Amino acid sequence: MAIKTKTIRRKKIPFLQRIYLPFIFAGMARTFRHFFRNLKDSSNIDFLEYPEQKPTDITNRYRGLHRLTKNEKGDLKCVACDMCATACPANCIFITATEIEGSKEKAPSKFTIDLLECVFCGLCVEACPKDAIRMDTGIFTKVGNTRESFLADIKTLSQREEGSF
């Protein structure tokens with residue numbers, strides 16, 4: 001029993017396409033063309049000296065730092081269902097639940113968000129059934145010297161207010 005083989009001939013790719021150099025030079029030529037055009041006439045370039053000047057064209061749907069909302073009594077709306085932590089693709093939300101005395105509901109005893117891991121996708125906000133977590137603080141920058149300063153705990157999250165954009 002002989003094995004039958006079939007020889008397949010591939011189309012030859014032209015030399016210039018194989019080395020990609022023409023495409024690299026074309027891209028660089030376009031970049032330099034824009035660079036020198038803007039260098040010659042910089043009147044149409046808008047500059048924003050942040051943080052002295054704040055952007056004015058931010059929409060209300062822009063996601064800032066997180067906050068935990070409260071109900072009419074002043075208690076946190078969060079029932080520690082862990083749905084926000086489950087929905088988070090970066091696994092940056094950590095919740096420890098505790099039971100409320102005289103009630104079947106739970107409340108978070110610890111609620112921590114690692115802002116260095118967070119990708120600010122907003123899936124935690126969409127997953128929350130009680131509308132307990134929001135990203136509408138209007139705070140878009142966070143500055144710190146240590147990794148611990150980027151851990152937002154339950155106290156920090158509950159003190160943040162809804163911001164003005």
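Glycine is no exception: its Cβ is also placed from the backbone N, Cα and C atoms.
According to its DSSP assignment, Cys128 ([4Fe-4S] cluster 1 binding site) is coil. If you look up Swiss-Prot, you'll see Cys78, Cys81, Cys84, Cys128 marked as [4Fe-4S] cluster 1 binding site, on the strength of sequence analysis.
The local packing around Cys124 ([4Fe-4S] cluster 2 binding site), expressed as other Cβ atoms within 10 Å of its Cβ over all shown chains, amounts to 25. According to Swiss-Prot, the [4Fe-4S] cluster 2 binding site annotation covers Cys88, Cys118, Cys121, Cys124, on the basis of sequence analysis.
What Swiss-Prot lists as domain '4Fe-4S ferredoxin-type 1' is 66-98, and the listing cites sequence analysis. As a summary of secondary structure, the domain '4Fe-4S ferredoxin-type 1' (66-98) carries 5 helix, 10 strand, 18 coil according to DSSP.
According to Swiss-Prot, the domain '4Fe-4S ferredoxin-type 2' annotation covers 109-138. When averaged over the domain '4Fe-4S ferredoxin-type 2' (109-138), pLDDT in the model lands at 95.
Same-chain neighbours of the domain '4Fe-4S ferredoxin-type 2' (109-138): 60, 63-69, 76-81, 83-98, 147, 150-154, 157, 160-165, counting only residues six or more beyond its ends whose CB sits under 8 Å from a CB of the stretch. Cβ atoms within 8 Å of the centroid of the Cβ atoms of Cys88, Cys118, Cys121, Cys124 (the [4Fe-4S] cluster 2 site) belong to the same-chain residues Cys84, Ala87, Pro89, Ala90, Cys92, Ile93, Ile113, Val119, Phe120, Gly122, Leu123, site residues excluded.
Using a 10 Å Cα-Cα cut-off from Cys84 ([4Fe-4S] cluster 1 binding site), the binding-site residues that qualify among Cys118, Cys121, Cys124 are Cys124. Looking only at the binding-site residues Cys78, Cys81, Cys128, the one with its C-alpha closest to Cys118 ([4Fe-4S] cluster 2 binding site) is Cys128.
Using a 10 Å Cβ-Cβ cutoff, Cys78 ([4Fe-4S] cluster 1 binding site) registers 24 neighbours.
Counting other C-beta atoms within 10 Å of each candidate's C-beta, the binding-site residues Cys81, Cys84, Cys128 are led by Cys84.
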